[in-house]
Amino acid sequence: MSEQQNIYPVRDAIAAKAWADKEKYQAMYKQSVDDPDTFWGEQAKRIDWVKFPTKIKHTSFDPHNVDIRWFEDGTLNASANCLDRHLEKRGDQTAIIWEGDDPNDSAHISYRELYERTCQLANALKAQGVKKGDVVTLYMPMIPEAAVAMLACARIGAVHSVVFGGFSPDALAQRIIGANSKLVITADESVRGGKQVPLKDNVDAALTRDGTEVCQKVLVVKRTGGEIEWKEGRDLWYHEQVDSQPTDCAAEEMNAEDPLFILYTSGSTGAPKGLKHTTGGYMVYASLTHQYVFDYQDGEVYWCTADVGWVTGHSYIVYGPLANGGTTLMFEGVPSYPTHGRMGEIVDKHKVNILYTAPTAIRALMAHGENVMDSSKRDSLRILGSVGEPINPEAWEWYYRVIGNSNCPIVDTWWQTENGGIMIAPLPGATDLKPGSATLPFFGVQPALYDSEGNALEGAVDGNLVITDSWPGQARSIWGDHERFTQTYFSTYQGVYFTGDGCRRDEDGYYWITGRVDDVINVSGHRMGTAEIESSLVAHDAVAEAAVVGFPHDIKGQGIYIYVTLNDDAEPSDELKKELTQWVRKDIGPIASPDVIQWAPSLPKTRSGKIMRRILRKIAANECDGLGDTSTLADPSVVDELIEHRANR
Ligand code: WTA
């Protein structure tokens, strides 16, 4: 990334009305790190508590005792914070604008309606025996019922675990088992880009896997009316269970540290981890970040294009905006359907003021040229946001100029599933922008850059990004495996949270995320563990060994490059490549589709047998001149062979 860049100063007109200008940001930031108890004790007032907390921060990153608690003696309910407290003032205001895959389908759901629908489902869940602390898995399309289901779980103290609808039956089964989930909520089919995705069939397949017996009930929303199998006694139509329920349901009083949700995400090693997020700190953090980072003003229409299956959907489609009494737009489809102008057309149709999307979506549009947005004006837009992966300055400039008509500040927001909410980002009225930089830390966030030995680096420098103290939105544990939580995040460097990201700090103290430094790759903003894809491949009869790395990809950010060593009795062929591609798609889901497969008679390994991924990454990136030291390899000739047969892309 080049240092040479334009600077976009804060606009006076934005700063004049913003929640924070430069001085206010600095003062609030200073207090948040100097005196977290006072700062967060004050901020806690932004949400409704049954019992207001007297204890604010109680956190330790000591690897012998990672213990993170915020507001620990407070009690509240997340769903009441998103619904009940708005009824008096904004019962008739639109809470959710739903835009269907088909441009002719849309709906407005008021806060009162959302409250009633949530209460009805909450009552239906109770009738099925779901209790406080039980885990409910959601495998759903982007329809209002997905938000209703999250809020209904929260209302009765059940813990939701949303699984992205693009994951395979096996991936779904793994998550149902991992969370010991009693009930799944799904739909017959989802609709994306004019095509049906068989969600219920996938659930049926998942529930044939060993270990899923714990799941006794499947609640099915009728979205398309498509044909599905039905298992009597297990499957229940959502509308039959819900429509006759009372439209009130008391909200369960939850402790601040009771779990609100589990969300699975990929790491460097092993199976996906279920991050545990709790109630009080998460709600304060999601709502505060949503208000300040997007400078959300009363009455504005806010659209986050993420799927609710990702953390961005949790914090910035559902909990943040609804806690703030906002109007949040939920889009069922894909930005390229029916035409590439769709995103802009949705902005015009619903007069969207704030648009939050991913660099991969912007690059996909850029590829269609300057005129791709000509079917819309987008003059309602005020603020743009970016999330999920580093945004390259070219894409930033294009987003600014073409989508935002050179009128809207862009907030590039860096954060992770583990963080619960935005960590490093500009505030529209407070931060001068540099395209490609996530800029400065949010309140309470203390970033630092470490070298590989764990020394803190000062000044303008490159390093590994750590966070030195806790913030309220932070995940508290990995579901059922606190030791793994400690190992993964708090053992690389003592006493700090390790993000897994590399980062540069410039002379103005701005942060520039450079990407993962571990074995996680980021494909179109989706986090994939290379180990997960490798273990899928080696389960195929023909495969002896596999190594997966990321490589630079124009649209996706990173693509998936796979080196495969076949068993002696298997013949390399294009057919087999196709078969392996299908295999991974079926095993994990379409988002894990390999971009490139290269046959590797053997893989570069150290004498102790460790695969040298650094070298594989370089070859995949076609940087074969800069391979660095290969002298520690057991057999350096392996590398020449791989370079010679480097797969053409
Ligand atoms: C990457 C998504 C650069 C990063 C909210 C992080 C980013 C991972 C940005 C988390 C950004 C996310 N700039 N990189 N603005 N946002 N990332 O858990 O590598 O799906 O560690 O959370 O995405 O992905 P996750």
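Glycine too: its Cβ is placed from the backbone N, Cα and C atoms.
Listed in TrEMBL for this protein:
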type	residues	note
BINDING	ARG192, GLY193, GLY194, LYS195, THR312, SER524, ARG585	CoA binding site
BINDING	GLY388, GLU389, PRO390, ASP412, THR413, TRP414, TRP415, GLN416, THR417, ASP501, ARG516, ARG527	ATP binding site
BINDING	VAL538, HIS540, VAL543	Mg(2+) binding site
DOMAIN	25-82	domain 'Acetyl-coenzyme A synthetase N-terminal'
DOMAIN	84-468	domain 'AMP-dependent synthetase/ligase'
DOMAIN	532-610	domain 'AMP-binding enzyme C-terminal'
MOD_RES	LYS610	N6-acetyllysine
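If you take every residue in the domain 'AMP-binding enzyme C-terminal' (532-610) and average the pLDDT, you get 94. When the neighbouring Cβ atoms lying within 10 Å are counted for each of the binding-site residues (THR312, SER524), the highest count belongs to THR312.
Between the CA atoms of GLY194 (CoA binding site) and PRO390 (ATP binding site) there is a gap of 30 Å. For the binding-site residues listed here (THR413, THR417), the lowest count of other CB atoms within 10 A around the CB belongs to THR417. Shown in sequence order, SER536, LEU537, ALA539, ASP541, ALA542, ALA544, GLU545, ALA546, VAL564, LEU580, TRP583 are the same-chain residues outside VAL538, HIS540, VAL543 whose Cβ sits within 8 Å of the Cβ centre of the Mg(2+) site.
Comparing C-alpha positions, VAL543 (Mg(2+) binding site) sits nearest to ARG516 among the binding-site residues THR312, GLY388, THR413, ARG516.
Proximity of the binding-site residues (GLY193, LYS195, SER524, VAL538, HIS540, ARG585) to ligand 1: a Cβ under 6 Å from the molecule is found for none of them.
Here SER524 (CoA binding site) is compared against the binding-site residues PRO390, THR413, VAL538, and the shortest C-alpha distance is to PRO390. A distance of 32 Å separates the Cα atom of LYS195 (CoA binding site) from that of VAL538 (Mg(2+) binding site).
Figure note: comparing Cβ neighbours within 10 Å for the binding-site residues GLY193, GLY194, GLY388, the maximum is reached by GLY388.
Across the structure, VAL538 (Mg(2+) binding site) and ARG585 (CoA binding site) are spaced 14 Å apart at their Cα atoms.
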